[in-house]
């Protein structure tokens, strides 16, 4: 399977612009399967726009090496891709530890035995770009850095000087350089880039990135690197449990401006377990569709709180669904939506607490949670991994730890100690999870949906 990892020396070097531009440029003549390293919903939305193919996340905190390879294989096979292009996260070696590579781009490159392209912010650099390249190559001999892309060069003259330095002093070929251009930058929000689903101009912007890549990057050289990818180790592990619910169920999944943070494989795990996904909009539709369960992902409900609050028939239908004991699982933005209010505006009110946006980040971490109560997705006395990233908080005014399904071993959750409000058969948590670290997610949730029809 032909592939490449596009990584950077750090955050803010232009990985998403360059990776998405490469995906767009190559998609004109080839089938591209995009991937993103780490727990990220926003960058993949740009990949989807560029390729017309759902991007998948690869993460060594969530996944074993065998699961990383399986997820990569699943993506390449399902899309019949010619090339797999993997956008890294932060710097090549950044993970959860200063001394190992768990959660890093380098761990993904090694699990997939993939060639790597290093993106360098070349502003005011010439020979130092060569030094950076040498350092990144020297830190781990198992990382195969096959090329460099120079971003933010001042001029053609600057590019040629820096290219010569990297190729002669670091013995690494330079595939091209991108000059500084503020017109190609993306709008930011508190969780990062604005999701592509919201931006009407995104298709034009992605097209511009593709043109920029066609004009400045040696795509033939890049494809040659991918064509010569070394074999992937033939050791795979399943992403979800082979146990399968025999009964057919229908599961509602909101997907609109407010809610659009979902991992592709979570939805596939539900479908594997005979669930039919019914997509709907809490903003635009009048009520919940006729279903057996509800899965509310994250997103930006705080940005669309007025629209959500005005849709009273939808709010009432979801509250009644919870009161009727049908299973609901909600993550982050879904948790806020199920609270009494968001920034004082009425919401579903399954949980009698107020949620609000804050100026400072409240939770930004991989998480480890211990399950203290049975719930629609997990059984008591198990432990699972996830992640949280939120500039919001829920003002929990209760005093009973039994209100929560999870006690936190790593991360903040709702109270700093607990997460996962549980009422009726409704679970709402700040933790986002991936089926790779929760292999029974699809089975448990669909089984609960069937048992509580």
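Using the three backbone atoms N, Cα and C, a Cβ is placed for every residue, glycine included.
According to Swiss-Prot, the features are:
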ACT_SITE  332  active site, nucleophile
DOMAIN    250-440  domain 'GATase cobBQ-type'
SITE      432  site 'Increases nucleophilicity of active site Cys'
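The Cβ of residue 432 (site 'Increases nucleophilicity of active site Cys') lies under 8 Å from the Cβ of 39, 261, 263, 297, 298, 331, 332, 386, 387, 388, 389, each on the same chain and at least six residues away in sequence. Over the domain 'GATase cobBQ-type' (250-440), the average per-residue pLDDT in this prediction is 97. Its Cβ taken as reference, residue 332 (active site, nucleophile) is surrounded by 26 other Cβ atoms within 10 Å in the chains shown.
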